[in-house]
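See below for the structure under consideration.
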Amino acid sequence: MAAPSPSPHKPRRKAKRVGNGASSITSTEPGPLVRTPSFPLAAFLWPARGSASEWELLPLILMVVGLFRWAAGLWSYSGFEKPPMFGDYEAQRHWMEITTQLPVSQWYFHDLQWWGLDYPPLTAYHSWLCGKIGSLIDPSWFALYTSRGSHDPTLKIFMRATVLVSEYLIYIPAVVVFVRRFSRLSSVATWTSSVALVAILMQPATILIDHVHFQYNTVMLGFVTASMSSMLADRYLWSAIFFVAALGFKQMALYYAFSVFAYLLGSCLFPRINISRLLGIAAITAASFAILLLPLVAGTLYDVKSGIDSRPDLDGPHPPLPLFQDLAAYLDTNAFYYPLVEQMVQMVHRVFPFARGLFEDKVANFWCALNVVVKLKKYPSELLQRGALLATLASIIPPNLILLFRPRKHLLPLAFATTAWGFFLFSYQVHEKSVLLPLMPMTLLLAGSQGLAKSTRAWVGFANILGCWTMFPLLQRVDLRVPYAVLTLLWAYLLGLPPTSLSAYLREGPPVWKEWLTFFIHGFFYLAMGLWHVLEAFLKPPPEKPDLWVVINVGIGAAGFSLCYLWCLGSLILESELLLPPRTKKAKTQ
C-alpha cells in the first residue's frame, strides 16, 4: 500500500477525479460490480488505466496518431494529374516557389491567375521556410514557372513531411497541453483524458483535409488551441500572441475572434476591473501584429531601395488595377510610404476577396441551402454582404455576450464552437473545409467533465461524421473515397458511434426523453447519409439536374449543422447557469 499523502485534501480530490472520468467511459455489468469499457477506444487503452502518469502513455499515443497520418498521406492528393490548375497541393507548392524565387514585394502581385497568394503573411513565411528547405534537396521542385504541376514522387514525400512536422511542432503540442489543463480543470482522471486525447487527435476531418487532400489547417488550429490553453492558465498575453499568429496564418481564424475578444475583455472586467491587464493585452496584440508584418514591410522597403518593381510585367503588360487607381487619387504615388500602403492594401484585398461572391462552391451552410429555393445570385452583391453580416452577428452575439459576462474557463470550448458554427452557417465566402473550425473546439469538449459520456459523445460524434460527409463531394472529385470511408468509419467505431454502433445512445436504466429525442434526430440524419451514399453510388442524377446529389448533401448538412449550433448554444446557456434562480447560484458557489 502506498504511503498516505501528507495533505488531507489530496485523497478526496483524487477520488473525485477518478470517479468523474471513469464513469463516463465505463459501464457496469449485471451481477458482481464489474467496470468494463463502454466503447472500443476505451477498451484499447484499458490496460493503461492504472498508469499514474500521463507521460507513460503519451509517447505511444503520439506514435500511433503519427503513423495514421503518414499512412493516410500515401493516398493521392488534391489535383493529382488533373490539369490545368491541378489543386490545393499545387497551390501550396506554388507559394513555396514564389516566396523563394521572387522579391518580397512581388509575393502578393505575381501572376494572380495561377494560384496567387491569398493568405496572410505568416503563411507566406511558412511557405518560404519550407521552400528553402526543399530547395536544398532538389531546386527543381520550386523553379519559377517550370515546376508548375510537378508530380515528382519525392516532392510528394517532402510536402507530406512538411504537413506532419508543422503539425507536430504546433497543433499536437497545443492539443496535448489543452487537454491536460482542461481535464484538470474539470477534475477528469489522467487515463480518461488520455482516451479523450486520442479521440481528438484521430479526428477524421483534419486528417482527411490536411494529410490526404493537402493543406496546413492544423497550423492555424494549433495556434487557436494554444490561445485557448493560455486562457485556461490565466496567461492572457500569451493568449493574445497565439491568436494573432493564428490570424496571421489563415484569415479563417476570424471565426474565433469574437470569442477571444469577449473572454479577454471579460477577464479584465470581472470580477473586478483590471485596467493594467486590459492595457497589457492591447499593447501585446498591437506589438504582435507589428512583428507579424515586419518582414513584409522590411522586404518591401528593401525592394524599393533596390529599384525592384512590385508589379513587373512578367507575363506581358498588366492593365492598371482599379483598386490602386482609387488609391492614387488620395495619396502621393511618389511618396516614400506609398509602396508600403500599396503592399498592405493588396495583401488585404487578396486575403478578403469580397468580389468572389457569397459562396463559390456548394457548401452545407444556410446561404447555399437557401440558394436552392431562392436564387441569390440575382441580388446585388452589397445586399448579400449586408444580409450575411446581419445574420452572422445575430448568431454569434448571444454566445459571446455569455462569455463576456461569464468569463469562465470551462465555457471556452462551447463558446468557441457556437461562434464558429454561426460563422460557418451565415458568413460570407465559406468553403467546405471551413467546417474544421467549429469541429475543433466542439471536439475538445471530449476532454471536459463528462466529455466522453454518451450524451456529449453522441453530439460531438454526430457533428464530426456529418462534417466529413459534407466534404465527400470535395474528396470524391479527387478520387479520395477510400480514405474517407476508412478514416470516418474507424473513428466512428472507436467512439462507439453510428453506423458501426448504437452504444452512444443506449443507457443503463430507464430511458430519458431527451436521449430518445437525440437518438431519433441523429438516427434520421445517419439514415439519410447512408441512403445518400447508396443513391450517389448507383444512380446517376438526371441530365437536367447534374448536381442533384450535391444539392441534397448541402440541404441535409445545413440542417444538421444548424442543430449542432443550437445544441452548443443551449449547452453553453446551461453551463453558464444563466437560467438558474439567484438562490440556487448562491448555494452552488458556497
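Each residue, glycine too, has its Cβ placed from N, Cα and C.
Curation does not apply to TrEMBL; its annotations are automatic.
Here TrEMBL flags 1-31 as region 'Disordered'.
Long-range neighbours of the transmembrane segment (57-77) within the same chain, counting only residues 6 or more positions beyond its ends whose Cβ lies under 8 Å from a Cβ of the stretch, are 45, 48, 51, 87-89, 156, 160, 163-164, 167-168, 172, 176, 191, 194, 197-198, 201-202, 207-208, 211-214, 478-480, 482-483, 487. Residues or ranges marked as transmembrane segment in TrEMBL: 57-77 (among others).
If you look up TrEMBL, you'll see 157-179 (among others) marked as transmembrane segment. Residues 58, 62, 65-66, 69-70, 73, 89, 92-93, 126, 130, 133-134, 137, 141, 193, 196-197, 200-201, 210-211, 214-216, 218-219, 221-223, 225-226, 228-229, 232, 444, 447 of the same chain, all 6+ positions outside the transmembrane segment (157-179), place their C-beta atoms under 8 angstroms from a C-beta of that stretch.
TrEMBL lists 191-209 (among others) with the feature transmembrane segment. Residues 21-22, 24-25, 41-42, 45, 48-51, 54, 57-58, 61, 64-65, 68-69, 72, 172, 175-176, 179-180, 183, 215, 217-218, 221, 433, 435-436, 439-440, 443-444, 446-447, 451-452, 464, 467-468, 471, 475, 480, 483-484, 487-488, 490-491, 494-495 of the same chain lie 6 or more positions beyond the ends of the transmembrane segment (191-209) yet place their CB under 8 Å from a CB of it.
Annotation comment: TrEMBL describes 279-302 (among others) as transmembrane segment.
Using a Cβ-Cβ cut-off under 8 Å and counting only residues 6 or more beyond its ends in the same chain, the transmembrane segment (387-405) has close neighbours at 258-259, 261-263, 265-266, 269-270, 358, 366-367, 411-412, 414-415, 418-419, 421-423, 425-428, 565, 568-569, 572-573, 576, 578. If you look up TrEMBL, you'll see 387-405 (among others) marked as transmembrane segment.
Annotation source TrEMBL lists transmembrane segment at 411-428 (among others).
If you look up TrEMBL, you'll see 458-475 (among others) marked as transmembrane segment. Distant neighbours of the transmembrane segment (458-475): 203-205, 208-209, 212-213, 361-364, 432-433, 435-436, 438-439, 442-443, 445-446, 451, 481, 483-484, 487-488, 491-492, 495, 497-498, 504-505, 518, 522, 525-526, 529, 532-533, 549-550, 553-554, 557, 560-561, 564, 567; these residues of the same chain sit at least 6 beyond its ends, with a Cβ under 8 Å from one of its Cβ atoms.
Positions annotated as transmembrane segment by TrEMBL: 482-504 (among others).
According to TrEMBL, the feature transmembrane segment maps to 516-535 (among others). Counting residues 6+ beyond its ends, the transmembrane segment (516-535) has Cβ neighbours under 8 Å at 455, 458-459, 462, 465-466, 469, 472, 498-499, 502, 505, 549, 552-553, 556, 559-560, 563 in the same chain.
Within its own chain, the transmembrane segment (547-574) has Cβ neighbours under 8 Å at 362-366, 368-369, 372, 395, 398-399, 402, 411, 414-415, 417-418, 421-422, 424-425, 435, 438, 442, 459, 462-463, 466-467, 469-470, 472-473, 521, 525, 528-529, 532, 535-536, 541, counting only residues six or more beyond its boundaries. Here TrEMBL flags 547-574 (among others) as transmembrane segment.
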